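Below: one structure, written as structure tokens.
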Amino acid sequence: MNILSEAAVEKALDKKMNDVSYKMIGQDVSVYYGDKRALYDVNLNVRENTVTALIGPSGCGKSTFLRTLNRMNDTIDGCRVTGRIALDGDDIYDPSIDVVELRARVGMVFQKPNPFPKSIYENVAYGPRIHGLARTRAEMDAIVEKSLQRAGLWNEVKDRLQESGTGLSGGQQQRLCIARAVAVSPEVILMDEPCSALDPIATARVEELIHELRANFTIVIVTHSMQQAARVSQRTAMFHLGQLVEENDTDKIFTNPDDQRTQDYIMGRFG
Amino acid sequence: MSSTHIVSIYDEELKYLTRRISEMGGTAEQMVSDAVRALVTTDGALAQKVISEDVVLDNAERQINEKAVLTITKRQPVSADLREILGAVRIAAELERVGDLGKNTAKRVIAVQGSGMPRKLARGLEHLAELALMQLKEVLDVYATRSVEKAKAIRERDDEIDAIYTSLFRELLTYMMEDPRNITPCTHLLFCAKNIERIGDHATNIAETIYFMATGAQPEGERPKDDNTASLVAAEPSA
Amino acid sequence: MSQVTTSPATAAFKASVRPERRDIGLRRRYASERRFRLYGLAAIAFGLLFLFLLLSSVVSKGYTAFLQTKITIPVEFSEQVIDKDGERATDPKVLMTANYPVVARNALAKVLGVDPGDRAAMREVGGMISDSVRVQLRDLVVADPSVIGRTVDVAILAHGNVDSAYKGQIDLGVDEKNRKVSDRQVGWMNQLAETGALAGHFNTGLFTNGASSRPEAAGLGVALVGSLYMMLIVLVLSLPIGVAASIYLEEFAPKNRFTDLIEVNINNLAAVPSIVYGLLGLAVFVNFAGFPRSAALVGGLVLTLMTLPTIIIATRAALKAVPPSIRAAALGLGASNMQTVFHHVLPLAMPGILTGTIIGLAHALGETAPLLLIGMVAFVADVPATPLDPATALPVQIYMWANEAERAFVERTSGAIIVLLIFLILMNVGAILLRRRFERRW
């Protein structure tokens with residue numbers, strides 16, 4: 001197993017003493033798509049049981065960074081990642097790490113609600129099934145119910161679990177996707193603009209859900225909406241042109257950011 | 001607020017503001033009443049306590065402002081929610097002023113001490129303070145219930161305090177003319193009376209803010225005033 | 001525009017003034033749209049007209065092929081004719097070689113009241129009966145030798161010419177010498193028809209008989225079985241191979257020059273004329289591998305080769321059409337590539353794959369040229385028991401019948417075309433039903 005540089009570990013330990021523990025550590029992360037460089041030496045750590053929002057103008061690399069965290073970039077041809085990313089101290093790009101296991105630990109919710117064209121039950125049960133998390137039908141039922149409850153969807157769908165997941169409304173579909181991600185009991189949930197296809201009420205529901213999930217999961221969310229970042233996150237990281245501009249408490253970023261670019265961006269003066 | 005927000009933490013933030021305002025109100029009320037009691041009983045220790053308590057209100061106001069700014073930043077409130085937050089900021093400022101006035105009154109206790117203030121004067125002051133405190137207490141109750149009618153009623157009752165203040169002003173002038181040695185304590189008492197009268201004004205302001213929070217409109221019409229001290233002059237000593 | 005009347009209620013409002021109308025070419029645009037619709041309608045009408053012509057010509061010529069004229073008469077299985085010397089107990093060959101046509105001729109002559117001594121008349125009587133009567137009666141006697149010496153009612157196939165005449169396909173106005181039925185035969189035919197002895201029956205022989213030079217006895221049996229074998233072989237081979245190849249190319253293979261090259265070649269293969277596949281099959285399967293000629297197995301293999309590119313292209317298109325978000329969702333949950341493909345992508349692509357496969361199969365079913373090259377254009381009388389036996393195929397049978405000169409084969413050709421078309425329609429309906437079923441599951 002690759003060991004992170006001593007400085008980073010020391011930093012993490014140092015932070016731990018200040019009652020902050022980091023779930024994921026990103027160190028000098030650079031991403032290339034072919035010859036094109038999309039991220040420049042990003043150093044960004046993700047705190048445990050915290051919602052970290054990644055904001056910035058389009059094409060700033062925030063989604064790219066998010067996808068490095070569970071190696072979804074692997075599926076893109078010609079994508080190369082350098083630097084180190086660690087989950088609980090283990091380098092996730094180390095050859096000894098199995099990407100399937102990594103993704104079971106670091107779940108993902110996508111921009112467009114993408115339920116499988118199967119029943120609501122099957123959508124939630126799929127993850128636990130492939131990972132063998134339930135031995136009996138009753139166990140699976142319990143997992144499905146708990147996940148749907150966590151996603152705040154149980155009361156709306158409990159009478160029609162066998163109906164197709166694609167028949168739900170957009171907001172319900174997205175919460176179904178969240179339930180599906182939660183069902184695998186990941187440690188980290190990555191959300192890539194989860195509300196960009198939803199109406200304001202559905203968005204509010206998902207945001208409320210994120211707030212509740214925070215107690216049990218570490219969440220990293222990419223969002224185009226600065227207001228959403230302000231609403232849901234405790235930590236905010238601002239990206240610009242593939243670089244991490246600033247990372248700080250959300251309250252600080254949105255009331256009095258350190259960096260002029262952040263200031264201009266959140267005030268709507270560029271981007 | 002009849003219904004809750006989908007995002008529950010938003011409700012919590014609004015509730016936090018309401019709770020802190022109520023706390024501030026309670027503290028301010030206590031300070032004023034303690035200050036007046038210290039003045040009447042010339043209790044230096046109590047006055048000292050009031051003076052030291054003011055920092056609590058200052059801090060509370062700062063925290064409310066910070067929370068309000070954060071809430072506006074994060075939630076982009078509109079309509080009733082926005083008025084709720086703006087109202088909280090305004091009421092916090094009013095209550096902080098009330099605290100300052102209480103503190104100022106307490107400070108004068110030490111100056112007045114040992115000057116042998118007439119009982120009659122102190123009683124007048126006490127009555128004025130009672131009225132002002134009742135006004136404050138009621139307005140804080142209204143803040144809890146958001147009753148538009150009551151807020152309007154409180155606003156229209158301010159002239160009572162003004163009337164008592166005017167008569168107290170007259171009385172103090174008379175005392176000072178009678179004996180120049182009374183001038184020092186009476187001046188202080190005059191300021192104390194003014195302070196208490198101002199508290200009534202702040203209560204009225206709060207009532208107006210509550211009206212605004214509940215309805216989104218400013219209350220119409222001039223508010224009744226019976227403070228004639230601005231045009232009052234000391235009569236030429238006849239003797 | 002009409003003037004706005006100012007009523008007291010609307011006096012407060014003032015109508016806005018319409019600016020000068022601009023010419024934005026609306027008339028021209030609508031005219032061109034109408035023109036384009038007309039072109040489209042004309043094209044469709046043209047196509048429908050030809051479809052109608054084709055179908056009506058085929059059906060009008062072919063429907064009679066499903067009826068076959070038979071003469072039902074009491075036949076005396078005279079021992080005198082069949083087994084003159086009483087040797088059948090010792091020599092089974094006797095029954096096989098007996099002169100059955102004479103038995104039938106005598107029976108018919110008896111019914112018609114023709115003097116057996118009139119040889120010319122007797123020859124004409126014999127001409128009314130199909131030559132296949134020899135086989136028909138032989139099979140009857142061999143199956144049950146006890147009929148010898150008795151008289152049994154038998155429905156004998158009428159001769160092809162009588163069949164044609166009965167169906168009105170022979171112009172009786174033509175001089176007797178220039179047509180294939182004599183006036184006397186026509187008279188007998190009418191006489192038999194009146195008594196009900198001669199009548200049209202549903203032609204089961206069309207579906208069961210093998211090749212025959214006598215049209216009334218020729219059937220599609222061999223071709224149907226041959227085509228069935230080939231379709232099964234094509235389905236069993238090309239579907240798994242094609243789907244596996246497409247999945248690998250689409251989901252697993254790295255995108256590089258080599259896979260690009262393969263893709264180009266597959267697309268080219270789909271466009272290669274089918275006769276080239278016939279040559280390939282002849283060279284590889286028959287000459288090199290030594291499989292028997294004319295066998296359904298070889299035909300199936302050749303058609304598999306021909307169908308594979310179609311199936312691969314259709315399958316890849318169906319896989320590509322599955323939204324990437326589904327793959328991302330499965331991968332994001334920690335499904336492996338294989339699980340993603342088999343649990344999510346493939347089921348979603350299934351309707352498309354099935355459509356492609358059935359269209360490929362239908363294409364193969366109608367294919368003639370490569371089969372000619374591997375010798376499936378043979379005269380096969382016996383229904384093949386295994387795919388290794390000689391067989392023909394439906395389209396080849398049509399081709400062979402179309403080359404026959406006799407009038408009665410014309411209706412058979414059209415009848416066979418109808419059968420082929422019905423099979424194609426059934427396959428397409430099957431494709432639609434399958435797709436519906438698969439789609440309803442989600």
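Backbone N, Cα and C atoms are what each Cβ position is placed from, and that goes for glycine too.
Among the features that TrEMBL reports, domain 'ABC transmembrane type-1' is placed at C:224-430.
Per TrEMBL, transmembrane segment is recorded for C:36-59 (among others). Counting same-chain residues at least six beyond the ends of the transmembrane segment (C:36-59), those with a Cβ under 8 angstroms from any Cβ of the stretch are 414, 417-418, 421.
TrEMBL lists C:228-249 (among others) with the feature transmembrane segment.
According to TrEMBL, the feature transmembrane segment maps to C:269-289 (among others).
Long-range contacts of the transmembrane segment (C:295-319) within the same chain: residues 225-226, 229-234, 237-239, 241-243, 245-247, 249-251, 266-267, 269-270, 274, 277-278, 280-281, 285-286, 345-346, 349-353, 355-357, 359-361, 363-364, 367, 370-371, 374, 376, 384, 387-391, 393, each at least 6 residues beyond the stretch ends and with a Cβ under 8 Å from a Cβ of the stretch. Marked as transmembrane segment by TrEMBL: C:295-319 (among others).
Residues annotated as transmembrane segment in TrEMBL: C:340-365 (among others).
If you look up TrEMBL, you'll see C:415-434 (among others) marked as transmembrane segment.
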Under 8 Å between C-beta atoms and at least six residues away from its ends: which parts of the chain pack against the transmembrane segment (C:269-289)?
298-299, 301-303, 305-306, 308-310, 313, 367, 369-375
Which sequence positions outside the transmembrane segment (C:340-365), separated from its termini by at least 6 residues, show Cβ-Cβ distances below 8 Å to it?
227, 230-231, 234-235, 238-239, 242-243, 247, 251, 303, 306-307, 310-311, 313-315, 317-319, 321-322, 326-327, 329-331, 394-395, 420, 423-424, 427-428, 430-431, 434-435, 438-439, 442
